[in-house]
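Visitor: I have a structure I would like to understand better, so I am pasting it below and will then ask my questions one at a time.
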Amino acid sequence: MSLWFLVFLSVLQGVTELFPVSSLGHTLLVPALFGMHIDKHAPQLLPFLVALHLGTALALLWYFRARWIALISGFFAQLGGRKNDDGHLMWALIIGTIPTGIVGLLLEKRLERVFHDLRIVAVALIINGVLLWVGDRIQRSRAHQAPEKMTFKQAFFVGLAQIGALIPGFSRSGLTMIAGNVAGLTAEKAAEFSFLLGTPIIFAAGVLELPKLFHARDQLMDALLGGVLTAIAAYLSVRFLMRYFEGRGRLASFGVYCVIAGVFFLGWFMLHPQPV
């Protein structure tokens, strides 16, 4: 892997994993646009992808470190019989993680193979954009509540939304923000809940494949560099997004981008078919 391509993929992963625009979709579509094919199941690529996921997860953990300390403290306090908002939210995050954890382990590889037709990925990106616009409209028309007041049923519903992101073209953060809007969260709080909810999933995606990173010693330096670059890109992305939504930023803006990008990619790959 050339240095510039390593840098390109690392930054692309760090940004699109958190922006509601589908990291997997962009990882497939953008390189193919420039004539580069990425086999996500190639043995030599696995250590690199492990490092990218770990870099993203570490960036999220660092950005929300104070929040996680409060959540974990509240969780153990609640186990000790002292009810509190942080403990309740921690339970909500645990419940929200369950659907994707189970379905991801069972179906992720199968879903990725089925949807590697880039034209289908482009269509999924367009649908993702429409859903972001709908979610924005819902958020602006509903009464709002704090994440700590979410019911466990609502948390499970938000967790279910993550399953859609197993299909390339749909965004994990985007779908969970939309579900958070439906549950009555503001744009800012829906984004925060989405990032907190996604951290264990992203971290687990890296940890489960961690042995492959250490078995590929000849690729360790590339993987480490990719992980560091992804962590930096992810940290800057989450900081930007939280400020964006705090300043009344809207999901609809990302929806417009996804529709335009999806239409462009669909047209391009209709004219320039790629091997599936």
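Numbering starts at 1 and runs along the chain as it is shown here.
Any Cβ shown, glycine's included, is placed from N, Cα and C.
Quick paste from Swiss-Prot:
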- 1-21: transmembrane segment (TRANSMEM)
- 44-64: transmembrane segment (TRANSMEM)
- 87-107: transmembrane segment (TRANSMEM)
- 114-134: transmembrane segment (TRANSMEM)
- 150-170: transmembrane segment (TRANSMEM)
- 190-210: transmembrane segment (TRANSMEM)
- 220-240: transmembrane segment (TRANSMEM)
- 251-271: transmembrane segment (TRANSMEM)
Visitor: Go through 87-107, 150-170, 251-271 and flag the stretch with the largest number of C-beta pairs under 8 Å relative to the transmembrane segment (1-21).
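Guide: Going through each listed stretch, the top one turns out to be 251-271.
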Visitor: Hey, which of 87-107, 150-170, 190-210 has the most Cβ-Cβ pairs under 8 Å against the transmembrane segment (114-134)?
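Guide: Between the stretches 87-107, 150-170, 190-210, 150-170 has the largest tally.
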Visitor: Quick one: find which recorded stretch in 44-64, 190-210, 220-240, 251-271 has the most Cβ pairs under 8 Å with the transmembrane segment (87-107).
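Guide: The listed stretch sharing the most Cβ pairs with the transmembrane segment (87-107) is 190-210.
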Visitor: Quickly jot the same-chain residues contacting the transmembrane segment (44-64) by Cβ under 8 Å, restricted to those at least six beyond its ends, or write none.
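Guide: Same-chain contacts beyond the flanks: 1, 6, 9-10, 13-14, 17-18, 38, 192, 195-196, 198-199, 202-203, 205-207, 209-210, 212-213, 215-216, 219-220, 222-224, 226-232, 234-235, 238-239, 242.
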Visitor: Cβ under 8 Å, sequence separation of at least 6 from the ends of the transmembrane segment (220-240): give me the contacting residues as numbers and ranges.
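Guide: Cβ under 8 Å, 6 or more out: 1, 6-7, 9-11, 13-15, 17-19, 47-48, 50-52, 54-56, 58-60, 62-63, 195, 213-214.
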